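Enquirer: I'd like to ask you about the structure that follows.
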Amino acid sequence: MASNKLISILVLVVTLLLQGDNNYVVEAQLTTNFYSTSCPNLLSTVQTAVKSAVNSEARMGASILRLFFHDCFVNGCDGSILLDDTSSFTGEQNAAPNRNSARGFNVIDNIKSAVEKACPGVVSCADILAIAARDSVVVLGGPNWNVKVGRRDARTASQAAANSNIPAPTSSLSQLISSFSAVGLSTRDMVALSGAHTIGQSRCTNFRARIYNETNINAAFATTRQRTCPRASGSGDGNLAPLDVTTAASFDNNYFKNLMTQRGLLHSDQVLFNGGSTDSIVRGYSNNPSSFNSDFTAAMIKMGDISPLTGSSGEIRKVCGRTN
């Protein structure tokens, strides 16, 4: 009896030691220093590339941040959105929320190439995207935070999940709350993360119905947007307008100030301040930029924790657009 118990303990110890040797943890956690030894120049490599890309085109910062959102909302932050379609594989890039709008893949590919030269086979594309999203916010004047890393890359993707899980620009407030709640994010997280629309642009097809049909919109703002977004569907669908009409290339709290004057570009923007349960949060962020920055960074960290692949799950892709 005693010998059996001793054998069981020895087996457990050996198992744990083997797991330690392979960097496998039973319940692996993301950490901010995961690559401190294995790829010490990772952060500076990503930062340099992001700065260069955003300096060349300010909109790219918003595009990279959006890629991270759309990655995390589909089966967790696993780099699945980066997988290209092939003759035998259908990924997420042509799902309705991403088709003709998701961009920045080339920037992530360039960063991955640079990282592979520095430390081959070590850093996941999922982590590169998470770090690049943070750097995009910072370079546009937004807050900084320590990105938790240690994710591995998915070997598959789901167009169906992308179509159903990513909130649409036509979403109601209750739909937004529900979509974010489904991935463990609170209503306050949702409003704070919506503040990412302080940067970037949107296509006419996403806001046409709002500027022509809705009444909770500033008349002058609607008229301005109508000049480059014709009423007829199919005409000017890809024409762009800034999500934040005040400071489109700066990460600040003007997005919330715009909502209070009914100048939210998307239906899903203006529902945050329309006599509903989130009005007070919008008002708070409008008056207190440090409160917005604090809640935004906390929500970004929380979002980055959605269902990561760790330990022996997934892989470290050599190229972000395809599995090994």
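Note: Cβ is positioned from N, Cα and C throughout, glycine not excepted.
Not measured: the values here are computed from a predicted model.
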Enquirer: Between C39, C77, which residue forms the disulfide that TrEMBL gives for C72?
Expert: C77
Enquirer: So C204 is in a disulfide according to TrEMBL. Which of these is its partner: C125, C229?
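Expert: TrEMBL lists the disulfide between C204 and C229.
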Enquirer: Given the recorded positions C72, H197, C204, C229, C320, find the one whose Cα is closest in space to the Cα of C39 (disulfide bond).
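Expert: Result for C39 (disulfide bond): the nearest of the recorded positions is C320.
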Enquirer: Can you tell me how far the Cα of R66 (site 'Transition state stabilizer') sits from the Cα of H197 (heme b binding site), in Å?
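Expert: H197 (heme b binding site) has its Cα 9 Å from the Cα of R66 (site 'Transition state stabilizer').
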Enquirer: Which residues, sitting 6 or more apart from C229 (disulfide bond) on the same chain, put a CB under 8 Å from its CB?
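Expert: C229 (disulfide bond) has long-range Cβ partners C204, F207, R208, I211, G236, N239, A241.
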Enquirer: Here's one to test understanding: among the disulfide-bonded residues C77, C119, C320, whose C-alpha is closest in space to the C-alpha of P167 (substrate binding site)?
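Expert: Answer for the nearest of the disulfide-bonded residues: C77.
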Enquirer: Just to confirm my parser: what is the rounded mean pLDDT across the domain 'Plant heme peroxidase family profile' (29-324)?
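Expert: 97, rounded to a whole number.
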